[in-house]
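*Asks:* The following block contains the structure, expressed as structure tokens.
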């Protein structure tokens, strides 16, 4: 009998960083397609701008640090950062905003800490928050979904608005944001928060065109379901684990249900929280970032639950309509503490 002698490693895992990132990029296709369908070609233009900006910014920093540019860019992490930021901002936001946010995310939030694996905060969400705080008007100027929109920009119009601020016929963002009722439309979460503060009843708010969807906001419910489909595929491919998405969604649903039962006239119903804004994108594509999330199974459950609670608190009582980005970054801060207290006990070790 011949025994084969081999050196370590004795187990082989094909889940290299580049492959996992590629799986996440592929899983984003349904969500991207849904956003293209409901919000137009601007989403694709923003993705292209963000992708090019991310690759150039990363290449520049790597060149300055005298590191291999080609080898690092092949891990696809820069592309994923650009993609996540691009789908998080309004589709017709000015071109310089997505470039600025992407460059900030890659250089400051990622490479300044040492590159992939060293950054404590999700780079895409850092870029998003910087843009949201600096340019709140542009970052909240979402188009109405095509089913309730009056003016639907084509591909050429989308490019012209992004780069010049006007369509070929002279239309601007105020014109494009008009809904079928002649009123500028906002996202379902923004509409709900603004209307409640204006003294409108929930019954009145639910009559707005933006809530004409079957389950939640028009268009947004299908966008979230598309991101959910991509997330389920990631779970099936074992590219992510179930702990964070499940604990995040369960906690958000539980908090939203309890809040709605106690104060139905001022707080949004659970289906609006689950199927509006960046809920499913955050649950499966942002919170599950292996670098900035907890690394233990118990820690992942705590991390996801904390993020779900923070999203509900910010949406319900904060100054911003959608709290996913802030919740992710606040939860990122707690990761070292969570990991410290959820470390698996070493076999045979007793607490001293």
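Count begins at 1; order follows the chain as displayed.
Glycine is treated like the rest: Cβ placed from N, Cα and C.
Swiss-Prot feature annotations, pasted as is:
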- 187: FMN phosphoryl threonine (MOD_RES)
- 20-40: transmembrane segment (TRANSMEM)
- 42-62: transmembrane segment (TRANSMEM)
- 78-109: transmembrane segment (TRANSMEM)
- 123-143: transmembrane segment (TRANSMEM)
- 148-168: transmembrane segment (TRANSMEM)
- 214-234: transmembrane segment (TRANSMEM)
- 242-262: transmembrane segment (TRANSMEM)
- 267-287: transmembrane segment (TRANSMEM)
- 301-321: transmembrane segment (TRANSMEM)
- 322-342: transmembrane segment (TRANSMEM)
*Asks:* List every residue in the same chain as the residue listed as 'FMN phosphoryl threonine', at least 6 positions away in sequence, whose Cβ is under 8 Å from its Cβ.
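*Replies:* 140, 142, 210, 217, 220, 276, 277, 321, 322 - these are the non-local Cβ neighbours of the residue listed as 'FMN phosphoryl threonine', listed in sequence order.
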*Asks:* Report the listed stretch (78-109, 148-168, 214-234, 301-321, 322-342) having the maximum count of Cβ pairs within less than 8 Å of the transmembrane segment (20-40).
*Replies:* 214-234
